[in-house]
Amino acid sequence: MLLLALDTATPAVTVALHDGERVVAESAQVDARRHGELLLPAVDRVLADAGVKLDAVTAVVAGVGPGPYTGLRVGLMTAETFGSALGVPVHGLCTLDGLAYAAGIEGDFVVATDARRKEVYWARYSGPRTRTTGPAVDRPADIAEQLAGLPAVGAGALLYPESFADARGPEYVSAASLAALAAERLAAGEELEPPRPLYLRRPDAQVPKNYKVVTPK
Amino acid sequence: MADSRDEPLVLGIETSCDETGVGIVRGTTLLADAIASSVDEHARFGGVVPEVASRAHLEAMVPTIERALKEAGVSARDLDGIAVTAGPGLAGALLVGVSAAKAYAYALGKPLYGVNHLASHICVDQLEHGKLPEPTMALLVSGGHSSLLLSSDITSDVRPMGATIDDAAGEAFDKIARVLNLGFPGGPVIDRYAREGDPNAITFPRGLTGPRDPAYDFSFSGLKTSVARWIEAKRNAGEDVPVRDVSASFQEAVVDVLTRKAVRACKDEGVDHLMIGGGVAANSRLRALAQERCEAAGIRLRVPRPKLCTDNGAMVAALGAEMVARNRAASDWDLSADSSLPVTDPHVPGQAHTQAHAHSHDHVHEVSKDNLYS
Ligand SMILES: [Zn+2]
């Protein structure tokens, strides 16, 4: 097994290779504005570090968000196209699940990432592998009460300390933890999700108002 | 058998607006032109909604690539290169295509060519009428562009002669169709009504045609306002709006200016070929009037069939094939989607392949603005 995992749903552009036992190479760069430019060179670097070519990969794993759409699509489009070109399966994993797995907290906790517009993408977990609520997108103040007292992981939690009193890292997801989680689930015979984006919001689409009346009244 | 450098097999990807296009060409021969359009999803908004387009591109891309390969009856392994629209266009939409093209080229071990959408609109004519004459004058008219361009080599030299200073020609069609409650997009429906109307019924203004106006620039905003005002006056007077005559007269004003300026540019520059591309090139009156005026001026008119005039992947493949044939430098793996790629850059050569690429314009990478949601 050789999994290529990537995630572009947070400001991190992250890529990892996992051989079923361990992560053999990984890359993480934080630059919310350059996902499109950074991803392919990162894949190339990770493969070179591991001394393999892309066609050695047996499956691709992509973080499906939720996350800012433009960046999120870079990873998903790349993963899906690799899958088609190589003839290998492409699996999706919730980006927040990768963060939860990396946090490794036993017991109840929250993962929250920055959804901008003063909102967070969040989900609740009971242990590092079990999501119990979400993912959803909300204003931190609106969910603070129901999540009070829980440890909160991720940049979205760190950004709103008044709503998440026990905020902590990691800030962003790493493809290494996504890959490890995917490897674990695949080894257990679990089905992973399809690589479909979790947008959680409808597109902003302003219906243009009736044409502008140009005759002065 | 022809050397693959003369007749390169290239797959082209286009996602600059609302069409997910994947085309495959061998040299100047069209092998496949697969399209998935999200136009119906935009219709109720009266215009293209960028986020809706980007979501649709992501969904449609891989199936459209696979359909194109099947249609062409070729194996991806045999491709000589992958071309993609790097700009100009909607930033988020472009980025989906660029991401797919990079991943595809990388996975197959093929060179990647990020190319210019406008140069592609010109180059597509090679699939219809053979090699472009050099130089060629090109009039590109669509919902997104109205440009008059002169090219002596479509892979390296595209010069802007003129452009719209306000609305694109196609945009004016959309807006007038909205005023007349004819739906979106406006071009085809206005063309249809105009066929039954009198183009001389109402005299609408011809923008920028005065003696001191720029010879090759266009303006459709004043025309649009004038037509809207005329319609409102009728409505306010409680009279029926003669939709056919308004359509015909409006359309005549647009195509009169377009063809007049294009023919004048050809004469001034001593160019004996004019190509017309872009979605508005499908307009029947534009084709007829251009034909008439070109004939009178001794200019050969080249207009591709309507399906090749609107945005499609074949045009991108056509320009990509020309890049391969003329040995132009491939793009790098960090190729950006550049929403404001200047028309003077027919492609985006990689730094690895060329000396510092002079990027003279002061453009902003739209993806780097605070618009990750759009
Ligand atoms: Zn176009």
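Positions of Cβ are set from backbone N, Cα and C atoms, glycine also.
Among the features that TrEMBL reports, Fe cation binding site is placed at B:His117, B:His121, B:Asp311. Cβ neighbours of B:His117 (Fe cation binding site) (same chain, under 8 Å, six or more residues apart in sequence): B:Glu14, B:Ser16, B:Thr85, B:Gly87, B:Pro88, B:Gly89, B:Asp311, B:Val316, B:Leu341.
Residues or ranges marked as substrate binding site in TrEMBL: B:Leu140, B:Val141, B:Ser142, B:Gly143, B:Gly144, B:Asp174, B:Gly187, B:Asp191, B:Asn283. In the three-state DSSP scheme, B:Gly187 (substrate binding site) falls into the helix class. The number of other CB atoms found within 10 A of the CB of B:Gly187 (substrate binding site), across every protein chain shown, is 25.
What TrEMBL lists as compositional bias 'Basic and acidic residues' is B:359-374.
Per TrEMBL, the feature domain 'Gcp-like' maps to B:30-317.
Feature annotation from TrEMBL assigns region 'Disordered' to B:337-374.
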Taking DSSP three-state, what's B:His121 (Fe cation binding site) in: helix, strand or coil?
helix
Quick one: of the binding-site residues B:Leu140, B:Asn283, B:Asp311, flag those whose CB is under 6 Å from ligand 1, and say none if nothing qualifies.
B:Asp311
If you count Cβ atoms within 10 Å of the Cβ of B:Ser142 (substrate binding site), leaving out that atom itself, what do you get?
26
Quick check: which same-chain residues outside B:His117, B:His121, B:Asp311 lie with their CB within 8 A of the centre of the Fe cation site CB atoms?
B:Glu14, B:Ser16, B:Thr85, B:Gly89, B:Leu118, B:Ser120, B:Leu140, B:Ser142, B:His145, B:Gly277, B:Gly278, B:Asn312, B:Met315, B:Val316
Relative to the Cα of B:His121 (Fe cation binding site), which of the binding-site residues B:Leu140, B:Gly144, B:Gly187, B:Asn283 have a Cα no more than 10 Å away?
B:Leu140
